[in-house]
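Feature list (source: TrEMBL):
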- G103, W104, G105, G106, T107, G108, K109, N110: ATP binding site (BINDING)
- 273-330: domain 'Torsin-1A C-terminal' (DOMAIN)
- 1-17: signal peptide (SIGNAL)
Amino acid sequence: MQLQLGLLWLLVPGSAALEPISLSIAIGAASVLTGYLSYPSFYCGFVECCPGERDRPNTTALKEDLDNKLFGQHLAKDVILKAVTGFRNNPNPKKPLTLSLHGWGGTGKNFVSQFIAKSIHKAGQKSKFVHLFIATLHFPHDHQITLYKDQLQTWIRGNVSACARSVFIFDEMDKLHPGLIDAIKPFLDYYEQIDGVSYRRAIFIFLSNAGADLINKVALDFWRSGKDRKQIQLKDLEPVLSVAVFNNKNSGLWHSSLIDRNLIDYFVPFLPLEYKHLKMCIRAEIESGGKKINEAIVDEVAKEMTFFPKDEKIYSDKGCKLVPQKLLFYWERL
């Protein structure tokens with residue numbers, strides 16, 4: 001308070017000649033200003049603050065995003081909503097929430113990581129408390145793994161110290177050098193604190209194409225047997241998916257202690273997208289651009305995509321990833 005009054009004294013013109021009543025008004029104004037600035041809700045209205053104990057995740061927005069922007073993924077929708085909501089509503093979690101999302105490119109893994117980040121921090125991936133690591137960008141050289149491990153631990157330690165509810169997203173896990181991810185094992189474990197820092201309220205999300213072939217095979221087997229894909233349950237995929245990833249040298253989790261010690265809470269499978277799901281993506285992309293849906297163009301764009309298996313042509317081999325680029329050729333007609 002003395003420092004603030006001193007600054008105020010210097011900033012007021014003719015402050016040396018202030019009359020007692022004027023000085024009293026100035027001191028009162030400074031006191032009011034100091035009170036406002038020290039009040040968290042006022043201060044956090046101007047700068048981004050780390051969510052506190054009373055802050056709850058925006059589960060309504062998360063559910064709306066999952067319902068309206070994620071297609072053909074009944075398993076992911078159910079698991080993600082329950083996992084994130086349950087974790088954030090738990091006043092005393094025993095460990096950080098760790099999710100490993102697996103599936104073909106373009107099936108929605110990146111979308112879901114963005115939805116989760118936005119439900120915790122209003123700015124989403126633009127938040128200073130959300131951290132994205134891309135394997136080929138941030139960890140490109142296998143001969144520097146030791147350096148990367150040190151940097152990764154330092155980064156996580158520093159950011160969780162600044163905000164307990166930090167979110168860490170690791171993209172392209174299947175391109176991560178074997179053993180590197182084990183550097184974060186202590187932070188994902190059941191420790192109450194490590195060097196005075198608790199990591200129990202942080203969220204770690206892994207995005208990977210590893211295991212996609214297995215997921216696709218299960219989905220195809222259901223289709224060939226005449227079963228609806230919504231009959232696929234998490235128990236049909238999660239156990240075999242974790243084993244497959246653990247034994248895959250190109251998964252980023254090969255023989256990882258994160259799996260061996262059961263530190264990954266959920267292995268979330270993303271199913272391959274059918275023609276009808278692709279059309280849903282196209283409609284959503286058109287609407288997000290402020291255009292009116294034209295079903296003829298939706299069909300044209302969908303038919304430009306390629307599908308697998310070669311004979312049945314059931315699933316889009318790029319998911320919805322190419323939809324924005326393909327629509328550019330039709331934008332003037334919308």
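Each Cβ is built from the backbone N, Cα and C atoms, and glycine gets one as well.
A quick note: this is a predicted structure, and the numbers were derived from the prediction, not measured.
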With Cβ-Cβ distance below 8 Å and at least 6 positions apart along the chain, what are the contacts of T107 (ATP binding site)? List them in sequence order.
G72, Q73, F270, L271, P272, L273, G319, C320
Would you count the other C-beta atoms found within 10 angstroms of the C-beta of N110 (ATP binding site) for me?
17
Using the CB centroid of G103, W104, G105, G106, T107, G108, K109, N110 as the ATP site centre, which other residues of the same chain sit with their CB within 8 A?
N209, F270, G319, K321
Local Cβ density at W104 (ATP binding site) - other Cβ atoms counted within 10 Å
25
Same chain only, sequence gap of 6 or more: which residues have a CB within under 8 Å of the CB of G103 (ATP binding site)?
K109, N209, G211, A212, I215, P269, F270, L271, P272
For G105 (ATP binding site), which residues in the same chain are close in space, meaning a Cβ under 8 Å from its Cβ, but six or more apart along the sequence?
N209, K318, G319, K321
Helix, strand and coil residue totals from DSSP for the domain 'Torsin-1A C-terminal' (273-330) stand at 29 helix, 5 strand, 24 coil
